[in-house]
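Note sheet for the following structure.
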Amino acid sequence: MQPSVPWTLWTLLIALSRMLVTVGGGYTDSNVLHIGGIFPIGGQAGWQGGQACMPAARLALEDVNARKDLLPGYVLKLHSNDSECEPGLGASVMYNLLYNEPTKLMLLAGCSTVCTTVAEAAKMWNLVVLCYGASSPALSDRNRFPTLFRTHPSATVHNPTRIKLMKKFGWSRVAILQQAEEVFISTVEDLEARCSEAAIEIVTRQSFLSDPSDAVRNLRRQDARVIVGLFYVVAARRVLCELYKQNLYGKSYTWFFIGWYEDNWFEVNLDKENIDCTVEQMRAAAEGHLTTEALMWNQDEDEKTISGMTSLDFRKKLNDALREEGYDIDKNRYPEGYQEAPLAYDAVWSVALAFNKTMDRLTQIGKSLKDFNYNNKDVADNIYSAINSTQFLGVSGIVAFSSQGDRIALTQIEQVINGSYVVLGYYDTQADNLTWRNKEVWIGGKVPQDRTIIKRALRKVSLLLFICMCTISTVGIVIATALIIFNIWNKHRRVIQSSHPVCNTIMLFGIIVCLASVFLMGLDGRFVFPERFPSVCQSRAWLLTLGFTLSFGAMFSKVWRVHRLSTRAKTDPKVKMVDVLFQKKVQPWKLYSMVSGLLVIDLFIMIPWQVIDPLQRRVELFPLEDPLEESDDSKIRPELEHCESHHNNVWLSVIFAYKGLVLLFGLFLAYETRSLKIKQINDSQYVALTIYNVVIMCLITVPVTMVISSQQDASFAFVSVAITFCCFLCMALIFLPKVIAVLSKASDKAESKYNHEERPSKEDEEKYQKLLSDNEDLQRLIAQKEEKIKKLRDRIQEREREAGVTSANPPGVAALTQGKDTLIVADFITDAGTSDSACGGCVSLYTRSSRCSQSDAEFSDSYL
């Protein structure tokens, strides 16, 4: 909007008339009230609000000096300079103002850091300082700043509003990102105290000097979702760009920014400040953030203020002044400090009203404002008292000061919706009254959470896999039970007797226990409460340990007995293999004692383990995962239950060492007896083969299971398959031949064929012993006959020599033939006194077993 011609002419006329009055003698220097002004305008950091506040202060001077009823006979004159929001430069400007004529009655200042320096020093000159743009809570300290007032509310006025909003939206966990400036440090201290009272957790507090990159990254690491940002607008642009890069914006995040930035602050000066983000990116990052700010514009745009203008009239007048200074207001390119311009305007009016009131008081005691000097504390006290009691309706609203010199004001809450600020409501700190318009819009359609909601998801064994393995185990248990019944029912049969049925029953019972452990291994949080899980863990360990010992121990005892028998025959030369093979039946207790010994060792390990350091439920946590639904603003924390004790590795090492030695020894025994067939244990070869497979499966299963323990399905499947495979293999190798033999209803002869190296019956053993005795008698008789034959040969040879001829055979002897394997005896066989039945028995036994001695064989062949 272009300024109207009448208003411009009126402004020029006022200025011209004042110049003429001053020059012409109507107003001399004695009629001018001088005040100093320190405005941050041209700096590169901090708040450069003087760009808009200085034009607003000039407008206020014109309006104040145009009022005939205000400061009669006097005019206000402002002497100012730029502080660039630098404390050192601000102090320099102040000293220049004070040490150069004329005497200044009061100082105006902006920017918290500069106000801190100026207000702390001004008391030495008895000067009242009025800050139009300083929000630092530190400035509320009356002991440190006894002459300070400010039209800008303290930054702590935002904190009750922030707490109110946090409670309204259910946020109890926030983070703070601040610039390392005193104004923000003191604000954060106040915020922390209020959060502590409201039971709101501050998860982290990050600060930075100029580069916020590391601080923003730390917010991400701390899982900050609701973040209060406290920094000047230049730093705010850097923060906004960085949070875009770190993806800390959108539906999952809520940012609180300071509300005294210009409305388009996130779109301007990007190139000038080397912001590495585009306008579109800045808009995306700024969308949805909240601001809290004390009201700086009177919300009733039709209400006239002390200047005779409404807030809307002032906005138009200010915009005209800014256009004249070259700002492109029509394209929403506002200078910094535009939001605070009403505060600067009302600050000048506060000075004028205070001087006006002071003049009345001083007149009563015969003094005037012109009597003020930097050593005159009386006039300074009157000025202080007057401004402390000042109250009026300005373009920024009701202007009044607290006992700490702070502005009392409502707080306005805004949100960026579609790139523009929308007023959501107001909060009256004094009355604790929140006026809410319900205009908030959240990205994603719901209020963001104050933290990543972590949903704990217990990883469970696949139900289908569990059912399949349980079904297989159930089938195995049924088969093992049927084999136990079969074993007991047919224990009188030779094929069962020779295999030690009681030992086989122990083995089958161990197989049932091992198969039952499969059910417990698949039990997890789907079926068992956490408090019951330790019982399941201990049951697993006991069942698997005892089941393995019963099943493998029975096989181990058999192969151990075979090895002992074969070793005895090899090491003792007096004991022949045939004697070992035909010795009396193996005593059962020798087999059972081996299994009992292994069980005792298990008990010595398991009982102390469960008493001293029992197995407990330990939960393994996995990295967070995204939910299946994109709209779900949460993370999934997978968990997996394990059975572990405090010294789990020690106990497992003991168990594995003990079981490993038994497995390796069993493997050695199986290899040593791989080709032996013992009649007293007719399934020794099948037992050895079973041990091979069990050892191999254990050597594979244990290390692989430890590697894949974090994969519940793979681990359960691998262990379950290994257990069921070993159990089914044992039953198939050891019992299937017996079942086939029994079900085929074979005769004893058929059983002999199945077990063709069977042990002879008692009758055969007695006959064998008798034949051995007869064999010794025959050998003795044969020796006697051989002596007679020798004598006969000698006599024949003598007769042949005497007669000179050779006769074929002597009388009484049919034939005599000697060879390696045969001996034929003819006429004198009857004289030996040997019965035909005895020789026939030896021949029969030799024909069946081929185990007669060499002399028995020679005699039997001769007899045949």
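The backbone N, Cα and C atoms fix where each Cβ goes, and this holds for glycine too.
The structure displayed is predicted, hence computed values, not measured ones.
Annotated signal peptide per TrEMBL: 1-25, in sequence order.
The list of residues near the transmembrane segment (463-489) in space but at least 6 beyond its ends in sequence, with Cβ under 8 angstroms from a Cβ of it, reads 496, 501, 504-505, 508-509, 511-512, 515-516, 518-519, 522, 526, 713, 716-717, 720-721, 723-724, 727-728, 731, 735, 739, 742. As annotated by TrEMBL, transmembrane segment applies to 463-489 (among others).
Residues annotated as domain 'G-protein coupled receptors family 3 profile' in TrEMBL: 472-758.
Annotation source TrEMBL lists transmembrane segment at 501-521 (among others).
Residues annotated as transmembrane segment in TrEMBL: 541-560 (among others).
If you look up TrEMBL, you'll see 591-612 (among others) marked as transmembrane segment.
Taken from TrEMBL, the feature transmembrane segment covers 650-671 (among others).
What TrEMBL records for 686-708 (among others) is transmembrane segment. Counting only same-chain residues 6+ beyond the ends of the transmembrane segment (686-708), those with a CB under 8 A from a CB of the stretch are 552, 555-556, 558-559, 562, 656, 659, 663-664, 666-667, 669-671, 673-674, 714-715, 718-719, 722, 725-726, 729-730, 733-734, 737.
According to TrEMBL, the transmembrane segment annotation covers 714-736 (among others). Sequence-distant contacts of the transmembrane segment (714-736), counting only residues of its own chain at least 6 positions beyond either end whose CB sits under 8 Å from a CB of the stretch, comprise 461, 465-466, 469, 472-473, 476, 479-480, 483, 486-487, 499, 504, 507-508, 511, 514-515, 517-518, 521-522, 544, 551, 555, 683, 686-687, 689-690, 693-694, 697-698, 700-701, 704-705, 708.
Feature annotation from TrEMBL assigns coiled coil to 761-802.
Beyond its flanks by at least six residues, the transmembrane segment (650-671) meets 545, 548, 552, 555-556, 559-560, 562-563, 598, 601, 605, 609, 613, 687-689, 691-692, 694-695, 698-699, 702 of its own chain at Cβ-Cβ distances under 8 Å.
In the predicted structure, the coiled coil (761-802) carries a mean pLDDT of 80.
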